[in-house]
Each structure stands twice: as structure tokens, then as C-alpha cells.
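To start, the structure itself, in C-alpha cells.
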Amino acid sequence: MGEYALEAQGLTKTFGGFNAVTDVNLKVRRGSIHALIGPNGAGKTTCFNLLTKTLTPTSGKVFLDGRDITRLRSAQVARQGLVRSFQISATFPHLTCLENVRVALQSNHGTAYKFWRSLKAVSALNERAHELLGQVGLGHQAHTPATELSYGKKRALEIATTLALDPKVMLLDEPTAGMGHEDIEPITDLIRKVSDGRTILIVEHNLSVVSSLCERITVLQHGEVLCEGAYAEVSNDPEVITAYMGGIDE
Amino acid sequence: MTRYILLAVLAVVALIAPFFVYPILLMTILCFMVFASSFNLLLGYAGLLCFGHAMFFGAGAYIGGWLMKEGGLSIELAFLGAALAMAALGWVVGLISARRGGIQFAMITLAISQFIYFLLLRAPFTHGEDGLQRIPRSDLFGVVDVSSNLSLYYLVLAVSVAAIWFFYRIVHSPFGEVLRAIRDNEGRMESLGFVPERFKILALTLSAGLAGLAGAMKASVLQIATLHDLSFHVSGTIIFMALLGGLGTLAGPIVGAALVVLLTDHLAQFGEWALIIQGSVFLVVILFFRRGLVGELQAFLKRRVARA
């Protein structure tokens with residue numbers, strides 16, 4: 001096992017002549033919380049999609065625990081322990097919270113194709129599902145359909161669903177996007193809590209969340225890495241300030 | 001508890017019904033109940049709109065009919081043969097179409113059903129425009145005579161109950177849970193390590209098998225299998241039945257099937273006006289009962305419970 005849990009080498013994605021991401025090199029240290037930040041349209045989400053194979057890179061390679069995963073499909077990547085969340089809330093709206101988590105637990109349970117069994121076949125998973133729901137503060141809402149949850153709780157449910165796969169590396173795409181002030185802190189605490197024993201890469205706009213959570217930060221601009229370092233370094237970097245604030249003479 | 005009482009009442013009604021209502025009409029309703037359930041499995045629980053679902057029903061009718069008439073098989077083997085053959089066809093259709101979603105899936109299934117239609121029009125054993133006629137009602141297990149309408153009714157009833165129970169089992173299985181999750185958010189399921197196509201192919205295989213069974217039953221009831229059974233008209237009717245009753249509810253399409261068959265039967269006396277009346281009913285349901293009759297009823301009961 002190398003020092004880095006997730007590594008990208010020369011990652012490039014072109015959409016019909018437009019370079020969305022160009023030659024991105026990224027190393028995420030095992031056990032750390034690493035942030036990917038940058039102004040709108042910097043290519044953060046594209047980067048994420050490339051790392052999880054939701055998109056196929058035009059060139060470059062992705063390594064998970066030193067193994068080349070560039071050629072794998074996204075479902076296979078998930079099974080190898082790299083699981084992502086989405087920018088827009090990605091729950092299963094017509095399933096209850098319990099079912100949301102349980103269906104994810106089925107991913108490693110070997111029951112998913114059993115159409116002739118009753119749900120008793122997955123009742124063994126209920127305990128773990130309740131445990132995960134409790135961990136994200138949804139313990140008492142196990143039988144509520146996901147669609148009836150508040151926005152912040154949907155994000156919490158999404159994290160519980162992601163945790164169901166016990167991923168080695170979690171990629172969180174703007175976990176606090178669109179959240180009211182009062183929801184942000186619980187989610188930040190939750191991310192800190194679940195980061196124990198895992199590696200997390202996070203795309204985030206809210207810089208106070210980034211500064212409180214992340215050990216290392218990579219700044220993207222126009223699809224390229226602008227700089228990388230700890231929060232203090234990055235936030236004082238003149239290039240970063242220009243990228244965010246806009247240059248005076250621009 | 002109320003559920004068991006309801007089921008018991010239904011069982012009694014089903015058992016004595018043929019003494020009061022024409023058995024052929026009842027059996028037609030049962031066939032369409034199974035057929036509508038198979039469609040519900042796809043659209044209601046997997047989110048797949050199959051525009052050519054009649055191909056499984058119609059071809060199932062031909063195969064079941066042929067197995068009894070030319071193959072000389074007993075009736076249960078003819079049913080089984082049709083179900084298995086249609087499951088195989090469903091699997092092939094799944095391989096071709098499951099990677100696509102939404103309107104693309106609908107169009108591919110429509111195209112394949114047209115292809116099957118012309119294949120059966122030209123095939124030597126289908127007798128072209130005439131269809132398979134005078135299909136015999138073979139003995140059950142080769143010994144029990146089911147040629148009378150009444151005895152056949154109880155066989156069709158038993159097979160339909162078993163088929164709908166099988167549908168219930170699929171929906172409330174670990175696989176059913178995965179299927180509903182795929183319907184809700186396919187991309188998310190992929191990111192959780194599932195390969196959605198595989199589940200859709202299995203859903204299509206199971207659904208096609210049930211539709212094939214329904215078709216074979218229909219062939220034994222009306223003793224005829226024609227091209228009409230796999231026409232786009234029947235594909236459209238099944239969509240109407242499912243929407244009228246309520247998609248994604250277990251009972252909705254079953255109720256819808258019964259209502260549409262009865263409606264068609266009663267409206268037959270009005271000739272061409274029948275279609276206009278049917279169209280109006282459809283319009284009213286789409287506008288005012290968006291969840292379908294059973295869906296609206298469930299929502300109403302839920303609201304009442306919440307208020308109490």
C-alpha cells in the first residue's frame with residue numbers, strides 16, 4: 001500500500017475541442033481529507049466524474065491504491081472501494097430511508113438478483129442499515145420515504161448510503177451546496193466523524209467548511225491545477241486570490 | 001386483518017362468479033390482469049416503458065395455441081412452453097434495448113414488436129391473416145378434461161392467481177428493491193456498484209414470461225390466436241389499463257384490466273362510438289386521477305388515516 005490512496009496522472013478530458021480538464025495531476029494522501037476547489041467552471045465536477053469513471057478520460061490515468069482503474073466501469077470502481085456522492089441530492093425518492101441504505105448494502109450481499117426470495121432474505125441487513133441511519137442522525141426516520149426529508153437530511157441520507165459500501169475512498173461533490181446555515185455545521189461534523197479510517201476527496205465552495213475540514217487543498221482553474229497546499233498557503237497565494245476575486249487590471 | 005378479509009371475499013367472489021357471469025368474459029379479464037401485471041412490473045417498478053408489450057402476449061398466444069393444436073401437448077405444458085419461449089424473447093429484447101432508457105427504450109421495443117408482427121404474418125405455421133383457429137383445449141396433465149367453459153375457468157383462475165402471486169413475490173423481493181432503486185435513480189445505483197442493465201434485462205425476461213403465459217391462456221380461452229393479439233392496438237390498450245388503475249401499485253393495473261375489458265364489452269353495442277367513449281374516459285383519468293383509480297384511493301385512505 002502506497003502513501004496515496006487515489007492518484008491521477010495527466011488527466012485530460014476534451015468535449016468536442018473544448019478542454020474541460022487539462023493534464024491534472026492529483027495525489028490524495030491515505031487517511032486525509034483533501035479538497036478540490038476553484039471558481040465556477042474550473043472543471044471540478046468533470047474531474048470528479050473522471051476519477052469515478054462516470055466519464056472516460058481522453059488521456060491520463062487514475063490509480064486507486066496504486067492499481068490502475070482507468071479502464072474500469074463506474075460500477076466496478078465502486079466495488080473496488082471508491083464511492084462518490086452527487087452534487088444534486090442522489091437519494092431514491094420513493095424508497096424509505098431504510099430501503100435507501102439497505103439497497104446499497106445489497107451491493108456486497110449477493111441477494112440483488114434473487115427475485116424468488118422474500119424480503120426476509122435481506123432482513124439480516126436491517127441492523128446495519130439502522131446503525132448507519134443512526135450514525136447520520138436519521139435513526140427515528142427509517143420508514144419515512146426519502147422524498148419527504150428536508151434537504152439537509154437528504155444529504156445525510158446520501159452519506160449513509162455511501163457509507164453502506166464501506167468505501168476506502170469517498171468523493172463528496174459539494175456536500176453543503178444549497179444548504180442553509182443551520183444545516184452546514186451538522187454535515188461538516190458528520191463528514192469529520194465518518195472520515196475516520198477513510199480517505200475523502202471533497203469538492204466544496206464554502207471556504208470555511210474547507211478550512212475546518214481539509215488538510216490539503218488543490219485549486220483548479222480553467223481545467224488546470226493552479227496550486228496545491230495547506231489552507232494557509234493556498235489562501236495567501238496571489239494567483240488564487242486573483243482567480244477568485246478577479247485581477248484588478250482585468 | 002382487513003387485508004385477509006378482503007382476500008377471502010375476493011376468493012369467494014372469484015369462485016362463484018362463473019355461475020352469474022359469462023365465464024369467457026371472466027377468463028378474458030383474468031388473462032388481461034396477468035398481462036397488465038407483467039406490464040406494471042416493467043413500467044411501474046423498473047421505469048421501463050415498453051411500447052410493444054403485445055408482442056409477448058400475441059406470440060405467447062401463437063406458441064401456446066400451436067403447442068396444443070399441432071404439438072398435441074397437454075394444456076399446462078403449452079402454458080409453460082409459451083411462458084419460457086417469451087421469457088427467452090424478453091431476454092433477447094433486453095440485450096438489445098436495456099442500455100437505453102426512456103423514449104429510446106420505448107422506440108426500440110416498438111420496432112422489435114413490429115418485426116415480430118411481420119415475422120408471424122409470414123411464418124408458415126401461423127396461417128397469415130387467418131391466424132390459428134379452432135385451438136383445442138387439451139386435457140390438464142393429459143387426464144383432466146378442461147374443455148368446458150366452467151372447468152377451464154377454474155384452471156385459468158388458479159394459474160392467474162399463481163402468476164399474480166409470482167408478480168407480488170418479484171416486487172417484494174431483494175431484486176424488486178434493487179429494481180425500484182434503479183427506477184428512482186439509475187446513475188446513483190451505478191455509483192453504488194450495480195450494473196443497471198443486468199437488472200433491467202432480468203426484469204424484461206420475467207415480465208415477458210408472464211405476458212407470454214397470459215397470451216397462451218387467452219389462446220386456450222378464445223381458442224384462437226391472431227395477429228391482432230400482437231398489434232400496436234393491444235400494446236396501447238395495456239398502457240391504458242395500467243394508467244387507469246394506477247402504475248406502481250400492485251392492484252392498480254389488475255383493476256384497470258378488469259375495468260377496460262368490461263368497458264369494451266359493454267360499449268361493443270355502440271359500435272364506433274366505443275372508441276370515443278374509451279378515449280374520453282382515458283382523458284378524464286389522465287386529467288383528474290393522475291395516480292390512477294387505485295393510486296388515488298390509496299392516497300385518499302392515507303390522508304384519512306393521517307387525519308384520524
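One-based numbering along the chain as shown.
From the backbone N, Cα and C atoms, a Cβ is placed for every residue, glycine too.
On a predicted model such as this, the values are computed, not experimentally measured, just so you know.
Under the heading transmembrane segment, TrEMBL lists B:7-36, B:42-65, B:77-96, B:102-120, B:140-168, B:199-217, B:238-264, B:270-289.
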>> Quick test of the contact rule: Cβ under 8 Å, at least six residues beyond the ends. What residues does that give for the transmembrane segment (B:77-96)?
In response: 55-56, 59-61, 63-65, 67-68, 71, 108-109, 112, 116, 138, 159, 197, 200-213, 215-217, 219-220
> Out of B:7-36, B:42-65, B:140-168, B:270-289, which stretch touches the transmembrane segment (B:102-120) the most, going by CB pairs under 8 Å?
Replying inline: B:42-65
> Under a Cβ pair cut-off of under 8 Å, which of the recorded stretches B:42-65, B:140-168, B:199-217, B:270-289 contacts the transmembrane segment (B:7-36) most often?
Replying inline: B:140-168
>> At a C-beta cut-off of under 8 Å, are there same-chain residues at least 6 beyond the transmembrane segment (B:140-168) that contact it? List them, or none.
In response: 14-15, 18, 23-24, 26-27, 30-31, 33-34, 37-38, 40-41, 74-76, 79, 210, 213-214, 217, 220-221, 250, 254
